[in-house]
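Beneath this line is the structure, given in structure tokens, with notes to follow.
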């Protein structure tokens with residue numbers, strides 16, 4: 001196991017354990033050949049695994065993850081960064097990971113150690129490459145922070161590595177080739193390349209391919225299981241259900257919610273749900289269903305979007321696939337607006353007007369003959385120097401201090417931000433460094449009292465209205481988590497004034513080229529100078 005633990009004694013506090021651990025992980029980012037759906041191809045892996053190594057920690061711990069870039073395959077990108085999706089990065093904005101926002105890419109044969117105090121954060125997260133479309137080539141994995149005092153702990157008996165469920169869409173073609181298709185003048189409909197299969201915990205099947213054994217989740221009758229379901233796809237959403245079993249939703253994107261029984265739920269790219277499943281049926285095998293929804297599915301003959309299954313296997317049942325029809329989910333589907341945050345419910349500022357109101361709309365425009373996605377008619381282009389470096393080294397504190405296509409909106413510290421995402425096609429919007437309250441969802445009734453709270457929301461139809469507090473200094477990316485969409489320009493960043501960067505600016509290093517003063521972070525000199 002490529003991990004270790006160091007215990008650090010802390011002063012006991014109401015919400016902090018007496019001992020916190022430093023959780024040490026070693027990530028070798030390397031090219032390996034794998035065949036998760038029966039088709040062998042080279043990928044970008046974490047320690048040679050699909051999905052990547054599971055990271056686990058407890059509330060109050062610190063993650064220390066040493067990333068070594070061993071990539072050599074010229075058919076794929078050979079630099080990398082890693083984003084720790086869902087982690088707030090309070091006081092550690094420089095460890096967030098998106099290339100050219102908080103760091104330069106880690107070049108070949110270099111190492112970088114991400115060090116992230118978790119503070120009081122808990123829940124189901126994941127990690128993935130955040131350089132171009134690299135995570136499509138396989139660099140992604142689960143991350144779980146356990147809470148010894150979880151408010152839902154009495155509701156389940158089992159919550160461990162065996163109950164983490166990773167959903168992925170899978171491509172047989174390397175991401176740089178897919179990017180060329182996206183950036184083609186022939187892509188007049190702005191369609192994402194269609195995947196070849198869907199995976200559950202690293203196993204799937206494509207049309208005409210071999211019958212790869214299904215992933216199996218083992219249960220014992222009478223026990224209650226917390227499944228942590230993660231959508232780590234590039235484009236696809238999945239409709240998750242388990243034959244003959246109800247699902248009780250207790251968490252969305254790391255945030256505990258009031259228990260809500262459903263029969264199925266749709267999960268969009270980047271989202272996570274925890275559900276409780278009671279093993280209360282006859283000891284047998286049952287289908288875990290996750291049919292995939294993807295635009296243009298019929299254009300790829302390899303893809304059967306309905307053929308995304310795993311098996312719920314009861315102790316004592318034969319080791320075999322279920323004999324029932326695979327079918328599709330029936331019953332009550334999750335409606336997002338029926339979710340209610342369990343702890344400190346209520347949108348920041350209540351129903352009063354927000355201190356700052358943002359109107360955001362994903363649109364389209366043609367740039368150099370290529371149709372691109374935009375946020376508010378601006379197509380994002382990554383700067384040559386990371387946004388965080390500009391803030392720290394050049395004291396950038398106004399919108400005008402950044403290039404127009406960097407699309408940066410400076411927010412006042414500790415103010416309530418209202419963001420209205422206008423209607424359009426389905427886009428799962430992700431905000432780094434925060435969660436938001438969804439005060440109005442897809443044409444529903446406004447709810448400022450106990451709305452859902454999460455970090456990825458589906459925007460479509462009639463749009464959504466969000467609330468969050470700008471209380472976490474950093475340059476935080478906002479983007480659609482459909483890979484094609486954000487690669488084609490639909491993202492922006494929301495920094496705070498540099499005076500608020502307390503911990504980041506406490507670490508100094510020499511002046512970087514192109515800046516007027518020391519960048520004040522250990523990240524830039526060793527990484528950017530090699531880029």
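Glycine residues also receive a Cβ, built from the backbone N, Cα and C atoms like all the rest.
The Cu cation 2 site recorded in Swiss-Prot comprises 85, 481 together with one of 128, 434, namely 128.
Of the residues proposed, 245, 313, 340, 479, the one Swiss-Prot records at the same Cu cation 3 site as 130, 432 is 479. Relative to residue 430 (Cu cation 1 binding site), the recorded positions with Cα atoms inside 10 Å are 85, 479, the candidates having been 85, 104, 128, 231, 280, 479. Here the domain 'Plastocyanin-like 1' (23-146) has, by DSSP, the following mix of helix, strand and coil residues: 7 helix, 60 strand, 57 coil. Residue 528 (disulfide bond) sits 24 Å from residue 479 (Cu cation 3 binding site), taking the C-alpha atoms as the reference points. Residue 231 (N-linked glycosylation site) falls within a strand segment according to DSSP.
The two recorded residues, residue 231 (N-linked glycosylation site) and residue 85 (Cu cation 2 binding site), show a Cα separation of 11 Å. Applying an 8 A CB threshold to same-chain residues 6+ apart, the list for residue 280 (N-linked glycosylation site) reads 221, 222, 245.
Cα to Cα, residue 432 (Cu cation 3 binding site) and residue 104 (disulfide bond) are separated by 17 Å.
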